[in-house]
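Student: Okay, here's the structure, questions in a sec.
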2 protein chains.
Amino acid sequence: MKYSAKILDIADRGVLLNASDARMVGVLEGDRVQIMNHASGLSTPAVVDITTTMIPVGVIGIYGLTNRTLLLVDGTEVEVWEAKKPLALDLIKKKMNHEKLTKDDTRQIIQDIVNDSLSQAELSAYVTACYINGLDMDEVEYLTHAMVESGDRLKFSNHPIVDKHSVGGVPGNKISLLIVPIIAASGLKIPKTSSRAITGAAGTADLMEVLAPVEFSAVEVQQMTEKVGGVIVWGGATNIAPADDKIIVVEYPFKIDARGQMLASVMAKKFAVGADLVVIDIPVGSSTKVPDMAEGRKMAREFIELGERLGIRVECALTYGDSPVGRTIGPNLEVREALAILEGGDEPRSLIQKSLSLAGIALEMSGKAAKGQGYQMAEEILRSGKALRKLRQIIEIQGGDPAVTSESIKPGEFEFVVNAQNTGYIIELNNRALVSLARIAGAPHDHGAGLLLHAKKGEQVNAGDPIFTIYADRDWRLKMAVEEGRRLMPVIVEGMLLDRIPSEYRGQV
Amino acid sequence: MKYSAKILDIADRGVLLNASDARMVGVLEGDRVQIMNHASGLSTPAVVDITTTMIPVGVIGIYGLTNRTLLLVDGTEVEVWEAKKPLALDLIKKKMNHEKLTKDDTRQIIQDIVNDSLSQAELSAYVTACYINGLDMDEVEYLTHAMVESGDRLKFSNHPIVDKHSVGGVPGNKISLLIVPIIAASGLKIPKTSSRAITGAAGTADLMEVLAPVEFSAVEVQQMTEKVGGVIVWGGATNIAPADDKIIVVEYPFKIDARGQMLASVMAKKFAVGADLVVIDIPVGSSTKVPDMAEGRKMAREFIELGERLGIRVECALTYGDSPVGRTIGPNLEVREALAILEGGDEPRSLIQKSLSLAGIALEMSGKAAKGQGYQMAEEILRSGKALRKLRQIIEIQGGDPAVTSESIKPGEFEFVVNAQNTGYIIELNNRALVSLARIAGAPHDHGAGLLLHAKKGEQVNAGDPIFTIYADRDWRLKMAVEEGRRLMPVIVEGMLLDRIPSEYRGQV
């Protein structure tokens, strides 16, 4: 049946039908219709909401995200009919029933995800089934290929192409801001797509956005990389492995860490940008995704095996993940810290060492540096100012201001300093609590929000010394963070207590 | 922060915020806010949609189903803040990780489901995890109690209370229309809550709705049952075990048959209406939920064990489920067939025998009939006209016309007769295909839509004889059903072919 489209500015997928029309089409709330724009040939399925007043009979309301596929304007005539059940449903049921998914099964599921043929509930069932029943390495390989095929790809004429990935879970991990310009300055190409924070305080894309726009198409990513050797963009805007972004949304509430899906997601993005050499940073620590070295080595082997199946050389670095990287958490603070190093600063050492180590591995893998000489070469590129110049080129080509300096980037105007209550050693920096605090202060949306750590694990502080400062762009956000900070106690200072316990014990004898 | 409410007539859960307000509250599309109406004290969480034009700054759009909890009018001032993560999420994750859920865990999950604190994706993860990892009998018992506690309950002063349930999967199963009045006419009480069809052509509630309203509160169900001995209502309107209706919605796309959840769902409804004696009809057949007798006996044992844990006496009947019950599928056709039997008709025998057998079991369990005499007593109640008079009382108390007769109920005005192409025996009636056809013709929404079977399995037909008639309320629905009927071939007639094969074989020797 034919309907007149009315575009509704609701940032969701779906359509709104008058109850009487829904009955005519034969659908209930939550059922799916297929919508066809005959003029353009564009067509998509969409889940139905029902109204009796907001949309008159003969009109179909189209939500914003659904119209991204249909490209309708008010009044366009569309055809609407009850949609067929997506083929993926039977295949997801198969996975629920402990069966292995074939290459074709996987491709169908990913296609239905990318086409928005699945509801959030259906997608969640898929993700849950894969999490519980697991994916073997064949299934992971199929999933990687299916994700690559579902989106855009880069095709460089000159190789090798380098890429890096950090498995995540450690706050303040702004190393890409150092590694990408070092690699690009060495003459290699590194088209870095990165993520925004979902549960974290700042993803690499959130950081880069402080310096320049980060939303580009795959073609633009390729062109910019050809010109200046590297970019740092938000992967979500590129249409590279787009299924992954949809999967992450349903994983988010449960913090699901489905190993197979994670491997496929990371490597699909590397494969799609044409990477030949990939360095994977695996932070190991109690609050990261990898609690111990044994688990880290296992994950490294899986990345390497998947890389072999895809024709990508992978090296992994197990890194220290028990404390934040550097002394800052939150967009502006982290960018300022990274820029200061590129400008010649030699603090914090842990951040510099981690960045140079990972960059060095990539330089050795590519043959730019001899075995064992990668770190030193990376350090020379950093110290010579070449990395800073390269980052400025990258900022400029992405549309930012290349004259930016660390001095020009300010944290939020509202701040609160947390002081040590007693003299002692910092015995714990709780990553999760620190991230939570930075988020409550407004990160990553408020660029100025975040934390500056004045003391790190193992350092001694005296009573009254500042331990960390909370920054926020908005007053009420700061207040909330300060309140929450009292409850969370993200930093624990102990000293005298360690002495007192045996004293008391002796007292009782 | 304070917002002015604007009620949006969208039959969904959720709220619509201006992008600028969403940023102020600190939520993204798909996050949850808590909305509080200080005047009434009513509060609920809701998932956020975002707009830049449909809702101005300072206003929050409230979708219809969310406003069922808040009871706001346009302009009511509400407070809105970022909602806390529902406690159920960690417990669902626990079930994903193969752990057993405790009584408290289960209660929390069900509470969050009933309060709409979980998104569809989160609910789906719970259902999928329970399906894949299964529930043991302890967990099923906890789930049953949690479902009961989540909703309203009936408290009768006189006992015993009888109830029945059919596990489903067999079309045309209109037996409740006969069993309920027989039981009530015997002097026992049977407050029957029933379901609408989700994947079927007509649930018992869809059938009863042809005769009378079916939407009542739990209190009304109790009062009507006290007065006339029985009712047939739609369970979805009663707020009895309300979590179940929400769970079914996410099971539907996958036709998930999670045993533990099914057991809990059925028995929670029985427990909540105060049933002492329950008869369970388990249709066995290749297209039902129970493919063979061994599986049927296993399910029966599970129902009985769960009943013992709940203090409910349960008896199960394994019934023939390979063909439809009776000769009709679809609301009006089925009601007409059942009424004709109550009016004195003696056809179809299979429907009469099944109804009397199950009613007889209940009569024996209650002590109304001696052991072995239940069937006969049920038959006397039916033949004496007492059951018809009782059904008319039930129709009247529910607000329908008690003078209704089978003659007055008409199938749809558009019909198409499918004739046998060749002479032979009906060797197959495909339940799934028959149901699919009835649904395409418009059942259960269009009450006149459905199928009348002129010949059943094992019967002989001659070429040109009618096999079945398709009825529809709307012309285009009939056309679609006729087309689909050609493809589905729900009835297979074979005869000559069986002779021809050996002849050909002999010819080759």
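Cβ from N, Cα, C; glycine included.
Note that the structure is predicted; figures quoted are calculated from it, not measured.
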Student: So TrEMBL lists A:Ser195, A:Arg196, A:Ala197, A:Ile198, A:Thr199, A:Gly200, A:Thr204, A:Ser265, A:Lys289 for AMP; which of A:Gly169, A:Gly321, A:Gly326 goes with them?
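Tutor: Looking at A:Gly169, A:Gly321, A:Gly326, the one TrEMBL places in the AMP site next to A:Ser195, A:Arg196, A:Ala197, A:Ile198, A:Thr199, A:Gly200, A:Thr204, A:Ser265, A:Lys289 is A:Gly169.
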Student: To the nearest Å, how far is the Cα of A:Ile198 (AMP binding site) from the Cα of A:Asp257 (active site, proton donor)?
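Tutor: Rounded to a whole number, the Cα-Cα distance is 13 Å.
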Student: If you pair up every Cα among A:Gly169, A:Ser195, A:Arg196, A:Ala197, A:Ile198, A:Thr199, A:Gly200, A:Thr204, A:Ser265, A:Lys289, the residues annotated as binding AMP, what's the maximum separation in angstrom, rounded to an integer?
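Tutor: 18 Å is the greatest Cα spacing among the residues binding AMP.
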Student: Which binding-site residues among A:Arg196, A:Ile198, A:Gly200, A:Ser265 have a Cβ sitting under 8 Å from any chain B Cβ?
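Tutor: So none of them sit by chain B.
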Student: Using a Cβ-Cβ cut-off under 8 angstroms and a sequence gap of six or more, which residues of the chain neighbour A:Arg196 (AMP binding site)?
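Tutor: Correct list: A:Gly203, A:Ala205, A:Asp206, A:Trp234, A:Gly236, A:Pro444.
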Student: Fill in the CA-CA distance, A:Gly200 (AMP binding site) to A:Asp257 (active site, proton donor), as an integer in Å.
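Tutor: Given the Cα positions, A:Gly200 (AMP binding site) is 15 Å from A:Asp257 (active site, proton donor).
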Student: According to DSSP, collapsed to three classes, what secondary structure does A:Ser265 (AMP binding site) have?
Tutor: helix
Student: Write down the Cα-Cα distance for A:Ser265 (AMP binding site) and A:Asp257 (active site, proton donor), rounded and given in Å.
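Tutor: A Cα-Cα distance of 12 Å.
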Student: Mean pLDDT for the domain 'Pyrimidine nucleoside phosphorylase C-terminal' (A:425-492), rounded to an integer?
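Tutor: That stretch averages a pLDDT of 88.
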